[in-house]
Structure formats: C-alpha cells, structure tokens
Amino acid sequence: MSQKKAMLIDVTLCVGCNACQGACKEENQLPPSDEKYLSLTAFTALSKYNDLYIRRMCQHCDVPTCVSVCPVGALTKMEAGPVAYDGEKCIGCRYCLQACPFHVPKYEWSSTQPRIQKCKFCASRLAQGRPPACAEACPTGATKFGDRDGLLAEAAGRISAEPTKFVPRIYGRDDVGGTSMLYISPVPFEQLGFDARLGKTPLPMLTMSALSKVPNVLSVGGVMLGGIWWITNRRSEVQAFEATEKKNRPSRHEDNP
Amino acid sequence: MSFPGLPRMTGWRPIATILILAGAVAATARFAFGLGATTNLSDAFPWGLWIGFDFLGIGLAASGFTIVAAVNLFHAKEYEPIVRPAILTAFIGYLLVVLVLIIDLGRPDHFWHPMVMWNPKSVMCEISWCLMLYTTVLSLEFAPIILEKFNIHAPIKWIHAISLPLMIFGVLLSTLHQSSFGSLYLIVPNRLHALWYTPLLPVLFFVSCIASGISMVILESLILSRGGRDYLPTPLRANLAKIIAVTLAVYTVVRLQDLLARGALRELTTLTYYSLAFYAELLIGFVIPFALLLVERIRTSRRGLYAASLMVVVGFAFNRMNTAITGLEQYPTQTYFPSLIEVFIMLGITAVGFSAFSFIVKHFPIFEGAAVAPGLHHTAVAAQANPGFLSPDGGDLEPS
C-alpha cells in the first residue's frame, strides 16, 4: 500500500482568499505580504486567469528533475512525497533552477552564501502526521491533503460526477511521471499557464539515455583504443626491425665476401 | 632568453596586465557582494556567459586528447612536434575552466563536495568527475616537461610506466565530458529552442569539438610560426585541415538531418532572432570553412588556412553560446546580456591563460626539437635502437 501523500487542488473551489499563502508564510516564518509570484519569500502563490485562481508551488514530482540533476544530492525525494533540500550540501551550480520544468526553485542571489528556496511540502508536519499548513488553512477545501491514491480516486469521482463542470483530466497524475500536486479544472490546463508540452515521461529519462552509455564508452572504448595502440605499435616495431635487417645484411656480406 | 617561435604582439603585455587586474577587481567584487549584485544572472536565467566560456574553453582544449590519441595511440608520429603544445593548451584551458566554474558556483567554498557527495544520475556529477580526473591526467602528461627542465628523472619514469593506460583513460574521459556538456541540456526539452534541442546534443558536441580542437592547433602553429620557425610542415597542416573538413561535413549532415527528422527545419524558413543566430553559427563555423578547406590551394596556404580555422573557432563559439544562451532566451520578453563584471572576469581569466602559455613556452621546452611526449615514444625509440629483442634468439643480429 502506498503511503505517498499528495494534495488535490480543485480549481473550481478556489475563491482566491490567499489563506494558503498566509499560512505558508507563517509556517515558514516568511515576511507576511501578498505576493503574486513564487519568490524567496513566497513558496506558494495564486495566479489569476479570468475568474479562476491557480495555486503555484513545488509539484514534488514522483521522479523529480531537480533531484536527478543535482550533482551532490542536495535535493532528495522523501518516501512520503516531499522533495527536500539540504543547503549544507548545495554547491550552488543552479542546475535545478535550469532544469525544473515548473520553474520552482528560487535562488538567494543577493546572498554570499546562497541557497535555493521552495515549498517543502511541510515535511516536518507530515512527519508528525499533520497536514501541510496551506491545506489546513484552506477554508473552501480547494486544497485537500491525503494519500495520493485516495485523492486520485476522489478527483476521478468528482470529474465523473460532474462531467460538464470539469475537463476530463487530472493534471499531475502522469505529467512528467506524476506529481504530488494534483489539479482538476473547468478549463483546459493550457489556459491556466500550465506547460502543455511536458508529456508523461519523467524528464530524468532523457538524461539516462545518455548517461547509461557511459560504462559502454569506458569499456568498449578502452579495449578498442588499447587494441589500436597494440596494432599500430606492433607495426612500427616490425618496420623498425625490417629497417635494421636491411641495414645489417649488406654490411655482413661485405664483412664475409 | 629570446624564443624565435613567439608571436610578435606589441602592446600585449600592458593589455594583459590591465585585463588581469580588472578581472581580479571584478572577482573580488563577485566574492564580496555575491552573484546577484555583480551578474545579470537570475532565476529565469541561472546560467550565462561563464557557462558559455566553460563550453568554449573545454571545446578549444580538445586538441589535448585528439592529438595525443593521433600520435601516441594511432602512431601518427609525424605530428609529434605538436603534442606538447596541444597538451599545454589543454592543460591551461582546463585549469581556467575549473577556475571559472568555481567562481560561477554560488558556494565556491563547497567546490569539493562533488568529490565526496555523489549523484550518479546527474550529468553535472559526471562532468565534475571527468574534469577532475582529466585535469589530473593532463597534469601527469604535462609534468615531464617541467621535471625534465629541473633534471628530476625518477617521477618521469613512473609516469612513463603508466603512460599507455593514462593516455587511453584521458581520451575516454574527454570523449565522455565533451559530449556530456551537450547532455546537460537533454533535460530541458521544454526550454531550449528547437533549433538547438535534440537528443543528439552529446553526439554533436563531441563531433564539433574535434574540428574546433584541431583548428586551435592549426591557429597556434600559424601564429607561432610568425616568429620565423615553423614547427609544423605545411603538408602536415594541410592533412589536419582535411580532417577538419571531414568532421565539419559529418557534423553539418547530421545536424541538418536531425532538424529535418524533428520537423524543426521550418524554423529556418523565416528570419527570426533564433534562425539568424543559427545561420550565423552554421555558415561561419561549418559550411563556409568546409567549402574553403575543400580547395587544396587554401589548405596549403597559410592565410587561407588561418581564415578557415578562425571561422571554425568563431562558429564553434557561436554554437556553444547559442546553446547556452540564445536558445534559452524567450525573445523578446526574456533575454540575457552579461554584466560588465561577468565580462571582465572572463577576459581577465583569458588573459591569465595567454600569459601562462607564453611564459611556459618561453621557459620550458614546448616547441623544441624532437619533443618526447609523455608516452610510448620512449619504447618506440628503444625498439629502434635495440631491435634485437624482437627476434627470440637475437643471435641473428650482431651488436655494432
């Protein structure tokens, strides 16, 4: 049985009260102010499309791109779902910023000891069996916390109960291999600023297709180069030998006529 | 001590001094105030000019492994005289790139973390390891030149003893990380423009670095021969030019075929910010020099070869900068242009490289005579001097 946690965000229920951001800021001790975009001080933010509000935050992917690209393993995927970050390991290469398909990590550019900042999926609260601060604060149930399998079933149920109200898609179910944040919406997700080109394959697979060839390059390449050296070296040895032979033979004839 | 092979560059010294000082000031500012205050990097554009410089430096230093492989593994011994300059170029190039990488890191004090904290799924981790290991290989290949000068022979013997596996390892590491710089971008199919994003990025990066690396060797030899002595005969240089032409042709065919297969060729039918950048790169760096190098008179003419090689290098720079910067820009809403501090740090470090090169050339035997590269040359020489060991009884040959 899967213990993987998730959040279901029902776009039709969100009224744009921004309580989620307020609770998030309190939980993470960030300066309280309304912010429209993800930033160092806003790990979640609401963006408005016509009458609809969309919550942005780290999607806590099942096969996270950031975790795969981090050279030192500063980013890790926890069993319960959160993608955790260890600033003590981070070397600041910023590959995660470059690679994240959702443009989530934000960098402390003004610091001389910068770290990235992003939603933590309230990992410490999850460990205590409590829901994330934002889900707890949501007054309308637009953000609901629970087991991922259960929430997927619930989302499917809501869509089939009111097929005219929702587009038949749960965003995050298989997008980039599945995420911990699941969305259902009354309009196509492209109209809500979601990237429609991401596909279902986890992005780290694209890298693996190249990286998996490394052992082959090393072993086959090593043997091949060694072989080439052996052949060419042998050839020049033989040439050198034949050259000396030619030089020596006539001189011997002269010595013994 | 005067050296006849040095380029005559009047005013080089004051310019280099100014660039290095300006770079040092810029670097101090970067460490004192952080990346945000001193660069134009941002969350939307986390990699910029410095990463482009790294690509460039590594690509142009590719001569280190191609020439070593050609001479010591494939026994193209006639190119022996350029082994040392190629190794020196590569060694300096790699040291500079490592330096820029460390400056580029948000936490330069954590630069050693990849040595102890691994993530085998990360291309960046693989590149870090390749860079560390290959720089070590280069330092071992380079060390005999320094040690010889000071008459320290014991370590040279040890290095010679392991030279074959060392060189093979070096060539393999180069193959890996030259292509891995392309693999870095495999994970951003949604961000990198279709003219540059392709699953073939690692292959294309590898093929193009061979052309640019050899072009650098040709340029070096041409510039240095202005001093009077030419250490690379014209026919040999023309042969290298042939190899470049073949590489350019392979690259161009693969690149265009890939664009066709992915349906990205139509991006080229209109003149846009991106298609112009692409045309600049492909025409200057690949198509025109390929056409030029087909002509024998150009391959054997210094001026013609100089122009063609320079075009390859410039086009290569375009290609890497386009992949690292242009292709990731969202023109015209989100673009990136480096800050002065970024530029000065890059120029300063480049000046350090050129100065180090001319200093080492001046004081160490890089271009002199039968350069004995670290490697199997010794055994080959030994075999020629004493071929008796080739025949089992040896009685056939009389000692002279």
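Glycine is no exception: its Cβ is also placed from the backbone N, Cα and C atoms.
What you see is a predicted model, and the numbers here were worked out from it, not measured in a lab.
Look at TrEMBL and you will find B:50-74 (among others) tagged as transmembrane segment.
The transmembrane segment annotation in TrEMBL covers B:86-106 (among others).
Residues or ranges marked as transmembrane segment in TrEMBL: B:126-146 (among others).
Residues of the same chain lying 6 or more positions beyond the ends of the transmembrane segment (B:158-176) and with a Cβ under 8 Å from any Cβ of it are 62, 64-65, 68-69, 72-73, 126, 130, 133-134, 137-138, 140-141, 143-144, 206, 374-376, 378. Annotated transmembrane segment per TrEMBL: B:158-176 (among others), in sequence order.
Marked as transmembrane segment by TrEMBL: B:196-219 (among others).
Summarising the annotation, TrEMBL assigns transmembrane segment to B:240-256 (among others). Within the chain carrying the transmembrane segment (B:240-256), a Cβ under 8 angstroms from the stretch's Cβ atoms is held by residues 79, 200, 203-204, 207-208, 210-211, 214-215, 217-218, 265, 282, 286-287, 289-290, 293-294, 299, 305, 308-309, 312, all 6 or more beyond its ends.
Annotated transmembrane segment per TrEMBL: B:276-295 (among others), in sequence order.
As annotated by TrEMBL, transmembrane segment applies to B:304-321 (among others). Sequence-distant neighbours of the transmembrane segment (B:304-321) (same chain, 6+ residues past either end, Cβ-Cβ under 8 Å): 52, 55-56, 59-60, 208-209, 211-212, 215-216, 218-219, 222, 237-238, 241, 244, 248, 277, 280-286, 288-289, 292-293, 295, 297-298.
As annotated by TrEMBL, transmembrane segment applies to B:341-361 (among others).
Simply put, out of B:50-74, B:86-106, B:126-146, B:196-219, B:276-295, B:86-106 has the most Cβ pairs sitting under 8 Å from the transmembrane segment (B:341-361). Residues 27, 30, 35, 50-51, 53-54, 57-58, 60-68, 131, 134-135, 138-139, 141-142, 145, 216-217, 220, 345-346, 349-350, 352-353, 356-357, 360-361, 366, 373-374 of the same chain, all 6+ positions outside the transmembrane segment (B:86-106), place their C-beta atoms under 8 angstroms from a C-beta of that stretch.
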